[in-house]
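Enquirer: Shown below is the structure under consideration.
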Amino acid sequence: MSLLLEPSKEQIKEEKLYQQMGVSDDEFALIESILGRLPNYTEIGIFSVMWSEHCSYKNSKPILRKFPTSGERVLQGPGEGAGIVDIGDNQAVVFKIESHNHPSALEPYQGAATGVGGIIRDVFSMGARPIAVLNSLRFGELTSPRVKYLFEEVVAGIAGYGNCIGIPTVGGEVQFDSSYEGNPLVNAMCVGLINHEDIKKGQAKGVGNTVMYVGAKTGRDGIHGATFASEEMSDSSEEKRSAVQVGDPFMEKLLLEACLEVIQCDALVGIQDMGAAGLTSSSAEMASKAGSGIEMNLDLIPQRETGMTAYEMMLSESQERMLLVIERGREQEIIDIFDKYDLEAVSVGHVTDDKMLRLTHKGEVVCELPVDALAEEAPVYHKPSQEPAYYREFLETDVPAPQIEDANEMLKALLQQPTIASKEWVYDQYDYMVRTNTVVAPGSDAGVLRIRGTKKALAMTTDCNARYLYLDPEVGGKIAVAEAARNIICSGAEPLAVTDNLNFGNPEKPEIFWQIEKAADGISEACNVLSTPVIGGNVSLYNESNGTAIYPTPVIGMVGLIEDTAHITTQHFKQAGDLVYVIGETKPEFAGSELQKMTEGRIYGKAPQIDLDVELSRQKALLDAIKKGFVQSAHDVSEGGLGVAIAESVMTTENLGANVTVEGEAALLFSESQSRFVVSVKKEHQAAFEATVKDAVHIGEVTADGILAIQNQDGQQMIHAQTKELERVWKGAIPCLLKSKA
């Protein structure tokens, strides 16, 4: 494409060509006012990506301000590539979650793969070595051929990238619901480790310092990816396949090692990933954060395609690229390091003091824009908010307990629901043991990695039950944070902080904006009560397909610290004779449950309630008991209720069973009341455990007969099943659905 084909400034305005880039009439008028002139094609392209929701958070900034972002351990909150939390001994953990939803709907393999690559770069751009990847995935019903295709390709893309780069994929979640039929969610989280003195920022400081481009060459892939991520999916979205990037994990591995070596060199001033909006966002953001400007000569940009225009180079989202700022005169030191890895490192510009992004191409100035206008001064919209009509109706609807004729069959049926069923088919494709630090592999409440050279370990998880958020976004937001914390606690860790991925529909619809506001209120309250500040994250809006929105899905990524590896706990029962306890009472709460979805085919009613103070006291008591060595296993009660949680606890390599007595009718086994745990304890610790965890109720014991037996207080048998049979249906459900041609 040659420059001659680009429309003139006048054409852009008169024909409203800017609208095709997602810029509104009001925004164009504001741009004209800021510049005091009409923007050219490259400039309006740059504004369009920087002012997209994906880059500017223009619709969500008022919401994000609600989150608590500071704490005594927080070293870096929102605003950089990733958040950082102190874990003692001069070490810190770096983590962030990001979405790649729209690209994954079109090109599921590359969309998912580049989502993993992008979040890994965010973490190592802070100076940290990535140690783990997690993912949170949502798809439509697994009976649909298209959903099967998306599911298989997304998992293959995550595995293909993560396995090749040598970072273990240690956890995550997959849920299936019809609301994600046309718009799957692919959220990737990366966790890294760093020493305090190695922390780097994405800032272009020091007038005259050199701006260097490192990594892969620039192509035409991913142009307008950020804009594409800021609009609804529709039947015409297939035409935007070129907005999907293509990843090369082997290049990323080299880039990772080279960047970590460069970080040890004091010639490095600033470093940032070329993520969404590529060269545009990295240059404008680095300059704006430092109060400086950047001038670049685009003729010097390494290109893998011929005849690329300034517009294409600045908006490309080609992968595996970083922008560095280096002390002037020390460029060769950096070039030599990248040479070792057979990577390009090219000086393409310098830092200025005029707060402008100035670009030259073929001897002409093709862009001259104020960096603050691009990075910080995008318009912020306070969208109208309106409670949906269904909300009041749900709030006043108490869902009666379903009549269950055969609890045995109901348990088996629930264990085969794809959201509950074993995800072994997924994580068997991931290398979760590479680098040999993984202590708790996928399949328990949280992934756990040891920190070499110390007694410490890190627990990590992602969580969100979007059905609860659909019923009541504020309550659902609280539950999402609380469940993530429960998973961390069950692993023997103290929750440290949160990274959140806010996946919602179109914020221009008042009912959707209401969901976002209320969910943020719930998340904020839970983070305050549980002392887990939000240190960064991502907003993904416009998750709609042909006008239908996904369920509100604010995914919570959480990391916890295990002070001593002796405290590491998993969900599985350990030996016959151990006592089984449930912590927390079970109420008849079936709205939004897996049981309701399976038996009625729809979700309605009043969401399960949560008392955050009670939640906190139970979590603290359980963690105290774990640290004192009283607890053999711990598992949080979530989808499918107590029946499913106990069944999952008996599925071990040993042929264990459990004999349990509970109060109430069979349906209560599948209620999804909150703030509950299933715990096993050695008999000799019974008194000490009960004194520590006052809410714990002794309900039975672990047996050696391989049978799960559950009866009510009258001795009436509700469940009597071989644990190996339960495990067979649980593990076989997803492979069986994928093989069927339905």
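Including glycine, each Cβ sits where the backbone N, Cα and C put it.
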Enquirer: Need one residue: from Lys16, Lys96, Lys509, Lys574, the one Swiss-Prot lists with Tyr57, Gly537 for ATP.
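Expert: So the ATP site in Swiss-Prot includes Tyr57, Gly537 plus, from the candidates Lys16, Lys96, Lys509, Lys574, Lys96.
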Enquirer: Which one is it, among the recorded positions His54, Glu98, Asp273, Gly537, Asn538, that lies nearest to Arg121 (substrate binding site) by Cα separation?
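Expert: Closest by Cα distance to Arg121 (substrate binding site) among the recorded positions His54, Glu98, Asp273, Gly537, Asn538: Asp273.
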Enquirer: Which residues, same chain and not among Tyr57, Lys96, Gly537, have a CB within 8 angstroms of the centroid of the CB atoms at the recorded ATP site?
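Expert: Once Tyr57, Lys96, Gly537 are set aside, the remaining close residues are Leu64, Pro78, Ile97, Glu98, Thr499, Asp500, Asn501, Gly536, Asn538, Val539.
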Enquirer: Which has the fewest other CB atoms in a 10 Å radius around its CB: Glu98, Asp122, Asp273, the listed binding-site residues?
Expert: Glu98
Enquirer: State the Cα to Cα distance, in Å, between Ser318 (substrate binding site) and Glu98 (Mg(2+) 1 binding site), rounded to an integer.
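Expert: Rounded to the nearest whole number, the Cα-Cα distance is 17 Å.
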Enquirer: Please give the ATP site's span as the largest CA-CA distance among Tyr57, Lys96, Gly537, to the nearest whole angstrom.
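Expert: So the binding residues stretch over 16 Å, Cα to Cα.
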Enquirer: Can you tell me which of the binding-site residues Tyr57, Asp122, Gly537 is spatially closest to Ser99 (substrate binding site)? Compare CA atoms only.
Expert: Gly537
Enquirer: Between the Cα atoms of Lys96 (ATP binding site) and Asp122 (Mg(2+) 2 binding site), what distance do you get, rounded to the nearest Å?
Expert: 8
Enquirer: If you measure Tyr57 (ATP binding site) to Asn538 (Mg(2+) 1 binding site) at Cα, how many Å is it?
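Expert: That comes out at 9 Å between the alpha carbons.
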Enquirer: Restricting the comparison to the recorded positions His54, His100, Asp122, Asn538, which residue's C-alpha is spatially nearest the C-alpha of Gln245 (substrate binding site)?
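Expert: The smallest Cα gap between Gln245 (substrate binding site) and any of the recorded positions is with His100.
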